[in-house]
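Quick notes on the structure that follows.
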Amino acid sequence: MRLTQRRLASTFLAAGVAGLAGLAGLAPQTARAGEVCDLVGVGDGGAVAPGLGSLACGPAASATGDAALAVGQNASAGGFRAVAIGNNSEADVTDGTAVGQNAQAGGAFTTAVGARSSAQGAGASAFGVTADAVGELSTAIGAASLASGLHASAFGYNSLASGEEATAGGMNSTASGLRSTAFGAESVASGVQSTAFGHGAEASNNVTLAVGGGAKATAEFSSAIGISSRAEGYAAVAVGQSARAMGVYATSSGTASRAEADGSTAVGGMAGVSALRGVAVGYLAQAEAENSVALGANSFADQANTVSVGTVGGERRIVNVADGTGQTDAVNLRQLQQAGATAVATANAYTDTQVTAGVAAANGYTDTRVTAGVTSANAYTDTRTAATLTAANAYTDNRIANLALAFDADVARLNGRIDGLDGDLRRMGAMSAAFAAMAGNTAGQGTGARNRLVIGVGGFEDESAVSVGYARTISPSMALNVGVSTAGRGGTMGGASFGFAW
């Protein structure tokens, strides 16, 4: 059956619909071949429509599939219910649709719309000039877009979604990793489950996130959020314009912040950490030593294992500090003043006790020696007198004279011992005074100094003495003290102590 050009408009789709209805059993019809168009000046042009209920219109158009439609020169609709519209369009698969010059629907249930568009994977869709949907159930929308991965989607001019279940949106965007996503012109998501949002954003490793124009996350599990931000270390996080997180597990947050070392953290505009596990918090805060912490704007920490809350010339006070209770707790000024007062009171009490003990010992020694000397002399005198009386009277005068001489010698010796004891007592008093002066000296307390050398002098009546003491704080809970005192004319005292607290 041939159609004239005037009847073409009214029967163009009617024939195809009638064929579809017949094939679907909507109404009983006699099976018959399709129809071709009879164009003015061309005739049928060699068009063929052998498929049941098919329609071919155009020179060399071919509708060989049942219920197929081919419109255009060399258009070919060879599949069941296939549609090919446009010169050299081709839909030779079941339910394939190709619309546009050289459009091709190469897989079952595919749709290609646009000049030279192509939908090859089963269920794929391509829309746009030279758009190409290659993967099964893939979608390519936009001129020169390409969705080659299984279930992939590409949106935008020259966009590319080559990874399985990947999505690329934006001019020249690329999503090549498994389940990757790239949105934004020139964006790239090449790692497995990577995501890039923004013009020129790049997520180039597995499980990475780059958000913002020019943001780049290049190491596994890293995240870069902000214009021109960079996350280059494993599991690193950079948040803020031009933020940099370059170390493993590094974190930077704030405009132009930098966390360069492993385990480092920089928070605040232009905050920077260059040492292992350092922390800088605040605008322009810098931590340059291992395990150091810089807290506050412009704070600077350049010593390992320290916390800085300021800088030279920009010091800060730490206020509202509770009383320390543990061995490693910080103390506040109130506690420090109380400790100082206690130390002074203890030193004074110690000095008083030592002096009292020294004087008491000297007095006791003197009394004992005098009593013993007198007792001994009396006993000796009585004994000698009795012996003399018992002896012959002839010797009385001589013995009495000898006794007097011996007694005088004993008394002289006793007086010498008493005089020596008196000197010892005076020297002991002088040395005790020197010791007390040395012990009461508080030089260096509260400064954090660990070593202390103290020299003391003292006097008692006409005797003088000098003392030297050394103290070392081994730790906050342990200390060593050593001291010695000497008098000018002989005699030395010394002592040492070692103590600890918990």
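A Cβ is built for glycine as well, from the same backbone N, Cα and C atoms used for every other residue.
What TrEMBL lists as signal peptide is 1-33.
Per TrEMBL, domain 'Trimeric autotransporter adhesin YadA-like head' is recorded for 49-75 (among others).
Taking DSSP states H, G and I as helix and E and B as strand, the domain 'Trimeric autotransporter adhesin YadA-like head' (77-103) has 0 helix, 8 strand, 19 coil. As annotated by TrEMBL, domain 'Trimeric autotransporter adhesin YadA-like head' applies to 77-103 (among others).
Under the heading domain 'Trimeric autotransporter adhesin YadA-like head', TrEMBL lists 147-173 (among others). Note on the domain 'Trimeric autotransporter adhesin YadA-like head' (147-173): its mean pLDDT in the predicted model is 98.
Here TrEMBL flags 175-201 (among others) as domain 'Trimeric autotransporter adhesin YadA-like head'.
Residues 191, 194, 196, 198, 202-211, 249-259, 262, 269 of the same chain lie 6+ residues outside the domain 'Trimeric autotransporter adhesin YadA-like head' (217-243) yet bring a C-beta within less than 8 angstroms of a C-beta in it. As annotated by TrEMBL, domain 'Trimeric autotransporter adhesin YadA-like head' applies to 217-243 (among others).
Panel annotation: around the domain 'Trimeric autotransporter adhesin YadA-like head' (247-268), residues 226, 233-241, 274-285, 287, 297 of the same chain, lying at least six beyond its termini, place a Cβ under 8 Å from a Cβ of the stretch. For 247-268 (among others), the entry in TrEMBL reads domain 'Trimeric autotransporter adhesin YadA-like head'.
Per TrEMBL, domain 'Trimeric autotransporter adhesin YadA-like head' is recorded for 277-299 (among others).
Tertiary proximity for the domain 'Trimeric autotransporter adhesin YadA-like stalk' (317-357) is limited to same-chain residues at least six positions away from its ends with a CB under 8 Å from its CB atoms, namely 309, 429, 432-433, 435-436, 439-440, 442, 445-446, 476-477, 502. As annotated by TrEMBL, domain 'Trimeric autotransporter adhesin YadA-like stalk' applies to 317-357.
Marked as domain 'Trimeric autotransporter adhesin YadA-like C-terminal membrane anchor' by TrEMBL: 449-502.
In the domain 'Trimeric autotransporter adhesin YadA-like head' (217-243), helix, strand and coil residues by DSSP number 0 helix, 9 strand, 18 coil. With helix defined as DSSP H, G or I and strand as E or B, the domain 'Trimeric autotransporter adhesin YadA-like head' (247-268) counts 0 helix, 8 strand, 14 coil. Counting same-chain residues at least six beyond the ends of the domain 'Trimeric autotransporter adhesin YadA-like head' (277-299), those with a Cβ under 8 angstroms from any Cβ of the stretch are 254, 261-271, 305-311, 314, 316. Nonlocal intrachain contacts for the domain 'Trimeric autotransporter adhesin YadA-like head' (147-173), taken as residues 6+ away from its ends with a CB within less than 8 angstroms of a stretch CB, comprise 121, 124, 126, 132-141, 179-189, 199.
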